[in-house]
Amino acid sequence: MKIASQNVDVLSSSPKSPKGSLLPEYHIKAPAGGKVPAPGMGVKHVRRQHSGKHIRVKKDGAGGKGTWGKLLDTDGDSHIDRNDPNYDSGEEPYQLIGSTVSDPLDDYKKSVVSIIEEYFSTGDVELAASDLGDLGSSEYHPYFIKRLVSMAMDRHDKEKEMASVLLSALYADVISPAHIRDGFFMLLESADDLAVDILDAVDILALFLARAVVDDILPPAFLARAKKALLESSKGSQAIQTAEKSYLSAPHHAELVEKRWGGSTHFTVEEVKKKIAYLLREYVESGDTSEACRCIRQLGVSFFHHEVVKRALTLAMEIRTAEPLILKLLKEAAEEGLISSSQMVKGFSRLAESLDDLALDIPSAKSLFESLIPRAISEGWLDASFVKSSDEDVDVGSKDDKLRRYKEEAVTIIHEYFLSDDIPELLRSLEDLGTPEYNPIFLKRLITLAMDRKNREKEMASVLLSALHIEIFSTEDIVNGFVMLLESAEDTALDILDASNELALFLARAVIDDVLAPLNLEDIANRLPPNCTGSETVRMARSLIAARHAGERLLRCWGGGTGWAVEDAKDKIQKLLEEYESGGVVSEACQCIRDLGMPFFNHEVVKKALVMAMEKKNDRILDLLQECFNVGLITINQMTKGFSRIKDSLDDLALDIPNAGKKFTLYVEHAQKKGWLLPSFGSASAAAAADSSVLLAVAS
């Protein structure tokens, strides 16, 4: 460094060379006629010419005498003359000014984070809904769903419960059902990333999925569709499996899921009902309509306002002097948009259904209710369509008292069935009514009530349809009932947002359960207008039936209710018959069949018993059928259906049991002698079996 400093003037021929440069030593041969550089001296860029002279090159390649000079170098300063004829404005010096381009999606994501944070702090559902609506950009709502749930997943149970409550409140009114589904699918796709930061992400996400299904903001079919679109090894697929098996298939799963995040600030249904009753009492005493509306709004349960309507009308009947105030409140709430038209109609409908019970405490309840309806319609706060629907549901003021009484009795029977799950008792009650011409109306009422309840009741309704078809209802009754349902599908959708999808599931399930034949769907479609909601529902049902593994999926479409028991029952029936055939006791076998608790499914016992008798060539199994028939365990209807199912499957059975046709003919003759079969089964079945055996004999 010292030597380099001393020789700095020698080292550089350029005045711009930096002082103190550290250069390595290079020993080179001296040019001809030159001198050898002193030790320690560095040499730069030596050019040789033919003359033998060497010229030092200036820094940056500018060179010296006899060189080309620096790149783009000019002899002197240059400037642009705008008066020059060759002036080009493009040669003017310019400066690039940078500006940030904002992405609308990024802006939206930042905005929703602040909305969610504020909601978690205040718990104000209405404010969150208003702020989200003010943002606009509804096409980005799936990102809101994803951000809301992902933020709640990393917080306490309170925030998780608040997120579920907010989703229910925003459903349909602010965020469309399609965007709800898209948002949850985005969550499932990102489950692997969420699991990196949240250890139990799979379980929490599964619980959010189950809660969304229980709250009816996600259809159960969503889980199956999403599972197909995800990799089996992904965390999203694991979350779906956990939701289906651990939460939605458990007994009383709805109550368990709703209370899983205990200790939250969310009101339970019972608490909301108490608050509604209290605020209505306070209103009757004070008469302050604006304060009452504020309290209703503060509850933040716009989807439950039908309870306000029902309780308000009941209070008006109980306290006759309060009727003017109550009607004033309902009118003002409707005019402000606080209580929607559909919620108002639903409140009136619920009260109409409970008039019989209400009449025990208020004898004049029916007449008072009838007087309120025309007044509410004339003042414009009750939709006139209620009169049309009430003709079907309650028939207030109808001249046909018989039909009205039947509908009231039917509703009571269905409610009792939903509580007790006692099919034989329901069948007896229905037969006691003695009005088979109204069977389609019962079917319509059954499914309508089930659609407005949890998956448990929907599964119970499907199971009951199978029992009714075997014991009481004809196929024509079932078809007519579904036609009535589909004709009113648009009205039903006002109160039940996913009505079309659920009706399609009921239709498809009826086909899988052999309640309807696939050709019946065509008959139903032909009786509906071509482009109505009902026709679209029938097309949807056909698509569900045509899907791969449709039978298994539709048996479990309501999330693992009693539909799970059908497959289990088949296995149990097979095992108990095998045990009996290998030397079991008749009484024990009968008790096992009774313990199954599925009398509507006993035709499966008949079918499997006959098949086993054919395969094992052991007619001892017929003794079991005789005993079951004698004690009333298997009814004549169930016995007939079991034989009918064997008749329909004879061609398939003949592939494994060559003499199936002959055997079946003998069994039919035996059953007719013992009185097991309905007369309508008759000789046609025996003839069909005989024809089948003849054909088999000819073929062989």
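Using N, Cα and C of the backbone, Cβ positions are placed for all residues, glycine too.
As annotated by TrEMBL, compositional bias 'Polar residues' applies to 1-10. The region 'Disordered' feature in TrEMBL is assigned to 1-22, 48-92. Feature annotation from TrEMBL assigns compositional bias 'Low complexity' to 11-22. Residues annotated as compositional bias 'Basic residues' in TrEMBL: 48-57. Here TrEMBL flags 72-85 as compositional bias 'Basic and acidic residues'. The annotation domain 'MI' is assigned in TrEMBL to 107-228, 271-392, 405-526, 568-687.
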Secondary structure content, the domain 'MI' (405-526) (per DSSP, counts of residues)
103 helix, 0 strand, 19 coil
Grouping DSSP H, G, I as helix and E, B as strand, the residues of the domain 'MI' (568-687) number 94 helix, 0 strand, 26 coil
What are the DSSP helix, strand and coil residue counts for the domain 'MI' (271-392)?
102 helix, 0 strand, 20 coil
The domain 'MI' (107-228) [mean pLDDT, rounded to integer]
89
Summed over the domain 'MI' (107-228), the DSSP helix, strand and coil counts are 99 helix, 2 strand, 21 coil
